[in-house]
C-alpha cells in the first residue's frame with residue numbers, strides 16, 4: 001500500500017484484518033465440533049485448537065508483512081509450517097485514513113513489540129460462554145502499550161439452548177438484524193473505535209470483575225465501593241470491552257492487553 005502511511009498505522013490496519021480472520025477461525029472450530037482441548041498447567045489452564053490456529057494465523061500473517069517486528073504469543077507452540085489458509089495479508093483501509101499521532105510518526109518497525117493472546121477466555125470458550133471470548137493483539141513501544149485490537153467473535157450472538165454448539169454444522173448465530181462479531185481498535189492519542197459509547201445510567205455505579213479468579217480482597221473492594229450492580233465475567237478482553245459501561249477491577253491471574261483510548 002501507500003508508502004506515505006506510518007509503520008504504526010499500517011500495523012494497526014493489518015492487525016485489524018488479522019483479528020477479523022482470527023474471529024472466523026474461532027467460530028469455525030466450534031462449528032467443526034472438535035475443540036482439541038489440552039491442559040497446560042492444570043485443569044483450569046486450557047488450550048484449544050482455536051488457541052493454536054489463531055496464534056499461528058496472527059503471528060505468521062504479521063511476521064510476513066512486518067519481518068522486523070518482535071511478536072510474542074501466549075501459547076508455547078513448536079515451529080511448524082503454517083497453512084496458507086491461515087494467512088491474512090489484507091488491511092483495514094478505514095484505519096489508514098486516520099492520522100497517526102505525531103509522537104509515533106517516526107517509529108520504526110523494529111521498535112515495536114506485538115503481544116498476542118489468541119483466545120482470551122479459553123475456559124469460557126470450552127464451557128459455551130461464548131460472549132466472554134476475545135482475540136487480543138496489543139502493540140507496545142518502549143515498554144508501554146500504545147495501540148491494540150480486540151475482536152469479539154461472538155458479539156451479538158444468541159445462544160439457542162437447544163442447540164449443542166460443539167456438534168458439526170451447529171453455529172452460534174447473530175440475533176435478528178445483527179452482525180455476528182465485532183472488532184474494536186485504538187491508538188493512544190487518537191482514540192478507540194468500533195463501538196458505540198453507552199452512558200452509565202445516572203447515579204448508577206457498576207463494576208465488572210472476574211468470574212473465576214476472585215478472592216477475599218476482591219470481594220472486600222467490591223463491597224467497599226457499594227455498587228448498584230456487579231458483573232462477573234470471564235476474559236480480560238471481555239472486561240476491557242465493557243469499559244464503555246463500567247469500572248474494571250483486575251486481580252492476579254487476570255491478564256490484560258487493553259485497547260488504549
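Each residue, glycine too, has its Cβ placed from N, Cα and C.
If you look up TrEMBL, you'll see 1-19 marked as signal peptide. Per TrEMBL, the feature Mg(2+) binding site maps to 74, 117, 119, 120.
Of all the binding-site residues listed here (74, 117, 120), it is 74 whose C-beta has the fewest other C-beta atoms within 10 angstroms. There are 30 other Cβ atoms within 10 Å of the Cβ belonging to residue 119 (Mg(2+) binding site).
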